[in-house]
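Features as listed in TrEMBL:
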- 44-238: domain 'ABC transmembrane type-1' (DOMAIN)
- 12-31: transmembrane segment (TRANSMEM)
- 43-71: transmembrane segment (TRANSMEM)
- 83-104: transmembrane segment (TRANSMEM)
- 176-195: transmembrane segment (TRANSMEM)
- 215-237: transmembrane segment (TRANSMEM)
Amino acid sequence: MPRLLIRRLIDAVPTAILPMAAGVGLSALVAPQPDAATALLSGLAVTLLLTLPSLAVGTALGALAGAWAAVAPRSAGGLIGRFLAGAGPLLPGFLLAAVAALAVRAGASAAPLGLTALAIPAACQAARLSRPAMERALGAGPEGGAVRMARGLGLDERAVLRHHALPQAVAPVMSGLRAAVLAAVVGAVALESLLDLPGAGALMIDAARAGSAAGSLPVLVALCGLTVLLGALGLAVRDWIDPANHSSTPYDGA
C-alpha cells in the first residue's frame, strides 16, 4: 500500500475512532437498554456496509461518467455524465431513500434498491466535479491539449488519458467527498428508518421518537465518527492518486 495512503489513514483514524468509541461508551453508561452498546456496534457495522459500497461505486462511476462527458460529450457515456452532473441537486439521498422504501413495500428487493439510492447522489457529485477537472486536464480545444500532444509525439492517446488526465479529473472528486459522505450518512439514516434496517441511524430515530436523549445522543456521536472515518478514507485515496504527489512538476488540476 502506498506510503501516502498509510500516512493519511494513520493520522485520521484516531480522530474518527474516538467519537465512535465515545458513543459506544456513552451507550453503555447512560442508555436505558442494557445491551445498547452492543446494539450500537452492530448498528454502526450495518450503516458502514450501506454507505461504504454505495460511496465507492457511486463515486467511481460518477467520476468516470463526468470525465467521459468532457472527452466525448455527445456519446452515450458523455450524455450520462452530463445528466448526472446536472441532476445532483434534484436527487437528494433522503428523497431517494423514500422512493426506495415505497418500492420495497411494493415488493422490490431492499438491498439493491437501498444501495442504489445512496449511490446516485455520490455519482452526481462526482460527475459534477470530474467533468470540469477533465476539461482543464485536457486543455483548450475540442480534442484537448493532452490528446493532441499524444498524437504529435506518437503516444497512445488512451494511455495519456488514463495516466495523465484521468487522475487529475478524479483528484477533485476525492477532495470534495466530504459532502457526498454526509449526504450518504443522512440518506442511510432515512433508509434504515424507513426500511426497518438494524442500523445506527434507525437506533437514533427510534430513540428520538421515544423522547430519549440518553438513547439518541450516543448514536449521534458515533455517527459523526463514522462520517469522519469515511471522509478520511476519501482524502487518503485522493493523496494516493493525485499526480501532484507523484511528480515534482507544479500541478493545479485539483
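Every residue, even glycine, has its Cβ placed from backbone N, Cα and C.
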Chain residues in Cβ proximity to the transmembrane segment (43-71) (below 8 Å; excluding those fewer than six residues from its ends, i.e. six or more beyond): 20, 77-82, 84-85, 114-116, 118-135, 138, 144, 161, 165-166, 169-170, 173-174, 177, 180-181, 184-185, 188-189, 191-192, 197-203, 219, 222-223, 226, 230, 234
Per Cβ pairs under 8 Å, the stretch of 83-104, 176-195, 215-237 packing most closely against the transmembrane segment (12-31): 215-237
Same-chain residues at least 6 beyond the ends of the transmembrane segment (215-237) whose Cβ lies under 8 Å from its Cβ atoms: 4-5, 8-9, 12-13, 15-27, 30-33, 36, 40, 43-44, 47-48, 51-52, 55, 59, 174-175, 177-178, 180-182, 184-185, 189, 200-201, 203-204, 206-208
